[in-house]
Every structure is written in C-alpha cells, then in structure tokens.
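Copied over from TrEMBL, here are the features:
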- 152: active site, proton donor (ACT_SITE)
- 248: active site, nucleophile (ACT_SITE)
- 270-370: domain 'LOR/SDH bifunctional enzyme conserved' (DOMAIN)
- 371-459: domain 'Arginine dihydrolase ArgZ/ArgE-like C-terminal first subdomain' (DOMAIN)
- 460-672: domain 'Arginine dihydrolase ArgZ/ArgE-like C-terminal second subdomain' (DOMAIN)
Ligand code: ARG
C-alpha cells in the first residue's frame, strides 16, 4: 500500500503484511471455490488495488459498464479490466471521461432481480446512473452515501438472496433510507450496528444461502441464521487496511437478466442559468454546494467569466437529482439565490386553490426576503408584500392578476397558491465589487460582522445614514431589548427619539418595564443605574412600576398624568413615535400596552414596518428575528449585540444591506449620539 484514497488506508501505508495478505486471500479463494467457479484476473504491476475486482465494472448478462475511477491511483486499472472483459466476450460500455463510476463496488442488483441499487456521493457520480439505466435497461435506485468510511455502496449495503437486505442505515442520507424502506419490507431488512459495520459485515459475498464475510457479531450471525443464511467467517484484516473485504475482492460475472426488470428511471435533470458576480459574491460556490448538499449532482455546462471589474459572469448548470422531490427542494433553494430556469424550460407558475382558509395546498413555494416574480399566462408579475416564510397567493381582480406574499394563516378560500417551483424567479441586485468589498466607505457595504476596530467606522456610517433619512423624512425603526436599559443606553435612545431619528419602536414588555423602572425609581431590574449596585428590595421595583402604569391604563396616560416624566417610552409618547410591545410567556404584568395576542402583535409590527428604510436591532434576538422575517431585502439592518452568535444569525440574511456589530449596546448608542452631535455641530475647519 503506497497511497491513501480512503479513510481506512490512513496511517496504513506500508503497514500490511504481504504474507498475511496472501494467506488471507488464499483462504477466501478456497472457500469461494467450494461454492462457485472462480476466474482470476492477472494482476498488473503498479496497480495494487486491482485486487478489488468488484471495482472492475458492473456486469449484467454479457454486458459490462466499465469503471471510471475517481482517483488517479486507480485509473490505470481501466485498460487491464477492459481487456479482460473483452477477452471473455463481454460488450463493454465506457462512460464519458470525468464521469466517475466504480462498478460493482457502487452498484448492486437486488437479488430478486428487479432493480439496481446504485451509490453516489464519494466515488461514483449521480450523472452516471441514467447512462447505466439506459445501457443495462434496468431501473436504477440512487442511494446517497454520507459517511466517508463507507465510501462504496458495497461497504454498507448487501442485497441477499430471497429479497433480504443487509445494510448499515447511518451510512445513507434520510432520503435514501426512505427509498430503501419503501422497497424492502421491514421483515426483510437486516439493519446492522456500527461494530459490525466497521468489520465490513456488509461487504459479504452471498452465494445462495451462504454468506462469506470477514467477521460478524454473534447477534448478527443469529439474525442471519434466522433468515436462513449460513455465515462463513474468514479473516481479511490485511484488506481492511486498504478499505475492502470479501465482497470487494470479487466480482460476480454471471448476473442473469430477469425478465421482470424494466427501465424506469426516477432521476431528473434540469438546467438553470445564473448571472451576477458569481465568483466575487460566492454565488457559484453556494449554488454548487447546495446542489450537492441537497442530494443532487451537477455539471457546469457553461461559465462565462466577467473579465472587467464590473462585469458579471454567467453560468449554465445542469442539475441531476435522484427524484422529483429532491429536484424540487434543490431548485427552490437555487431560485432563492437568483437562479432561473432556461428560457425554453420556463413554464407558468403552478397554482392550486386554497380549500380551507388558513391552510395552504401542500408543496407551496416558501417565500424569501428577495423581490420575487411569478409567471402567469406567459407574463412575469411582481409579488407584493414581499417577506420571508410566506406563500404566494394569486387572485384575479378587476385590475388583473395580483400576487401577494401571505402568511399561511391569512390565506382564504378562493385564492390560489403557487406550488412547486416552476415559473418563479427572484431578483438579486448585482452590487458592484466596491459595494461588496470596501466597508471603509459610507453605505452598508458588507454583510458581515464587525471586528471591534470596525465599530467606530460603522457608527459613523449609521450616524450618516440616520441623519440623511431624518432629513428627507424617511423612516427608521428600532427594535430594542431590555439590555439597552441595563447597559445605560436609555438616555441615548431617548435622545434619538427626541431628535426625530426614530419613527417607530418595536420591542416587548421588558424594554418598556425596565425603561419605566429606571425613569421612575432609578434602577433597572433592581440595580441602581448610577452606582451600579443592587438596591435593597430592588427586585420588586419593576412590579411596582407595572402596577403604577396599570393604574393609569396605559403608558400614554401615565405620561399625561405626569407620573412618567423621562425615558424612552416617555419620549415616544411625547414625540408621537408609535411603539409596539409584543407579549411573551415570561412577561410580568404585563403593561396595559403590551399586546398579548401574538397574531395582533405581529400585525402591528408589520404595519409599523411599512416603508422602513433602516432598522436598528438593539440587543434583542427575539424581536429582531421576527422583524427580519417580515422585511424584504433592500432595507438596511444594523444589528448590535454583545453576543457574536446573535449578530451572525441576524446579519446573515445573504443580503448586502445588513451589517452586524458585536459590542455593548449602551456603548454603541453613546457613540452614535456623539457622532450625530458632531454631524449637527457647526462646521469649522481644523487648524
Ligand atoms: N483501496 C481500494 C479503494 O479505495 C479499496 C476498494 C474496495 N472496494 C470496494 N468495492 N469497496 O478504492
């Protein structure tokens, strides 16, 4: 062993004993000869893995699909195996170059003979499966391998006589497991556990009732006996070091055609086009990753690289998926990142009626924050009220067809909903290279999380934008959590409200309670805000405050009565800045203003968010995520939190307009106010 091409070989270079290998191989040969006629292929110098003849090709009757090895370490085996097959009178099919497929190591006939199980994910490419189906005229069921220790299908999957199946379920993704469960009845499935799996129990040679394998636990041996199989163990430890065992060392060359076999392929292919800064913005990687992660496979058919700094690239990507369902999942995600189907493949969106209000037909397309269009009667129409996690409802009105993003609960009978993924496209703005790469300039240029050094820079940008938006009568929304108060941010946020930089405040019960507590009692959750120490009995302060406001009937009444005279809530009332406080299960009180009907609270948030240009998200993951879901791409979001995980979660919307700042929110607000003051102060030349 001179190289490593699978995890078993790691650390084993030059570690296997030649004598022991020969002895183990001879033993296996001896056993097999008792049960079958064994032909030998002449070994070739320099190609040690030829010993694993399972990988020579896939044989059915007198036809063979020759392997195309994934690793160059094995590619030299191909001509030798080809010559052998030809000498034996086989018709040899060869796959196109660069389309790997590793023969019977990755493709196993059901022993009842109706279909072929074919693996992909490590050594064989999904795209090889349709060709195999065509050449061998057989139904192919594609199984995706997930665990690199089980890189070939025959390391974790072994169809046995009588329709039994010996296999290791965790080696496959859930779609593949479902497929297996659909085809093989429970009483025929022999699922094994890891200890047997790593001893290559699935890598067994099955001849009638005999199963030959490296090693097997008593438990598994008993289960196999129960199913009528006799296990012969023969040690193959030296071959395990190369990542193979009994089955890998053999290739069944007498695979009869069973008339019942028929060629129905489930595999689907589609082609999409992508355009934009595919490389710079990482879109192409994202697309290809999500195809593979989704269980599909791809071929980039065209890639035109934009050569100038500002020019965009475009690509044609052919996608293969093992079933329609998998294809749909992949395509819907590709749509989200701006891919469109090829012109000739474009169809109208598929619409299905709502039969029960508040419930969508199954399979509905889930919306994103990006501007979306759907095709109806050959024409693209823009979807209104864009938001995340909605369905697209289509109605016919006197002005024509109208499409709207709607929450499931708001769907009504008579509307139609877009299902499937046909006829949908999202529009991504292609921002320039500068916009993406130079956060030094004003504007919200990078969808990234700040390092501490960048905080000041971002404060400058935010102050600049706030000033501009205020001066043109625009709209800025603040979502704030109680941490704003605990960290001493109340006076600064009050200042922003008072000076007209905030057009609506969204939060929960807590921000208002703590703000009012501070304003009325000088403490925030019982901690003195001036001294920073706990006040005796202070833990009851917030309840007293709640009680006082409840007595007045509302925060506004408390302001009017002169009970509440400072603070964020006070400034909101005084300056007619609307606020919305959404309730939660842990709320004390609540304040009379807190909306405990969450559907109403969500609606109120949505109303206040209409027309927002910028959202400052201040230390509240809960309300910020809620707001993020309601907001279409294009609205600037600044998320400030001391916890980087929160910032990443919120600013990672894939849209350029969001920026994250990891810092103390009180500090952020004080810097922001200072910066705004600077912008407002008289201009004087530095001397
Ligand atoms: N060292 C060989 C490889 O990594 C082992 C092949 C095992 N064969 C098999 N059918 N699982 O390719």
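Each residue's number is its place along the chain shown, starting with 1.
Cβ atoms here come from the backbone N, Cα and C positions, even for glycine.
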Report summary line: Taking DSSP helix as H, G and I and strand as E and B, the domain 'LOR/SDH bifunctional enzyme conserved' (270-370) has 27 helix, 33 strand, 41 coil
Query - Euclidean distance between Cα atoms of residue 248 (active site, nucleophile) and the residue listed as 'active site, proton donor', Å - result: 9
Requested in this report: Specify the count of other C-beta atoms within 10 Å of the C-beta of residue 152 (active site, proton donor).
Outcome: 27
Query - Cβ-Cβ distance under 8 Å to residue 248 (active site, nucleophile), same chain, at least six residues away - result: 52, 53, 54, 55, 105, 152, 154, 155, 203, 239
Query raised in the report: How does the model score the domain 'LOR/SDH bifunctional enzyme conserved' (270-370) in terms of mean pLDDT?
Result: 88
